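These notes concern the structure reproduced below.
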Amino acid sequence: MKNGKVLILGIETSCDETAAAVVADGYEILSNVVSSQVEIHRCFGGVVPEVASRRHLEMLNPVIDLALKEAGVSFDDLDAVAVTQGPGLLGSLLVGLMAAKSLAFALKLPLIAVHHIKAHVYANFLAYPRVEFPFVALVVSGGHTDLIYATSHSDFRLIGRTKDDAAGEAFDKVARFLGLEYPGGPAIERKARQGDPAAFPLPHLQRTGEDFDTSFSGLKTAVIYRWRQAQEKGEKVRVEDVAASFQATVVEILQEKAFAAVRAFKVPTLLLAGGVAANGHLRARFTTRAQEEGINLLIPPPALCTDNAAMVAAAAYYQFLRGDFAPLTISAEAGLPLG
């Protein structure tokens, strides 16, 4: 503890970002260091798990040291060590978890195991310290499209998820088909700015029913089929138009599910989180819809949407307050359920 504040070191290695951060009292970011592996994986067109975990091994100690230095604190000032337990790539998770265990043991500090999806939600608590329950949260990333109903810091309920491809995964696959570079989300967003979604119409393959699950594999297939059909007919198709249409359709699907959940659970607030929430078109469309429906919409700044350790430390703070600590025997879980 320093200046009467609870200081938590957060560690995040669930995929291909090596990250460490120091956060005070669950909202004040003292440091937030992220070492990205995008350039390393670009030539493969996606994340290679073994390459990712080896890079974490190389970078984690320097990243932690830099996080402490930028925060102006030492290990002795810390009150707890927090780490992502899952879900994620198992090898990557293990690197962060073993480091956190070692630090907690050596420093005699509590170890706090954080759920990755929950951590994304808590990025909103960094941007808006007065977030009030209950709320619905939509977490959209490369591996997840989850809708969550939360009534307290200890009560997060999964109410909808992807049945197949997550939204971010669909972005990557469509981008690869169109010959765009990795990562696909930003590449499609850039192309879409010069495109006309009406020039490449896509079917809206789902409507809101009784559940809040999503599916994007059919939309991906529709893009490929429509593209090939146009080529067979000799029609000229612009990549920019395809990108714009695909992006607009994904955002429309996400909007329908998220706002339907807000109405169904009668909550005043919708939170967005996850890497796809950094998409400018998504942010703009959700903002407009929320204003039209009188819903309080919270979206973290783009830097806090993508994987980072500040969100891990923020989530951990509330576990710290209720004494929710993990034993040193805890294991990483690639498919850790939300609970």
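We number each residue from 1, going along the chain as drawn.
A Cβ is built for glycine as well, from the same backbone N, Cα and C atoms used for every other residue.
Just so you know, TrEMBL annotations never went through curation; they're auto-generated.
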Further binder of substrate named by TrEMBL next to V139, V140, S141, G142, G143, D172, G185, E189, taken from the candidates N61, N124, N279: N279
Record-annotated Fe cation site (TrEMBL): member among D241, D307 besides H116, H120: D307
Sequence-distant neighbours of H116 (Fe cation binding site) in its chain (C-beta under 8 A, six or more apart): S14, T84, Q85, G86, P87, G88, L336
Confidence summary (mean pLDDT) of the domain 'Gcp-like' (28-313): 96
Spatially closest candidate among G143, G185, N279, the listed binding-site residues, to H120 (Fe cation binding site) (Cα to Cα): G143
Residue pair V139 (substrate binding site), D307 (Fe cation binding site) - Cα distance, angstrom, rounded: 12
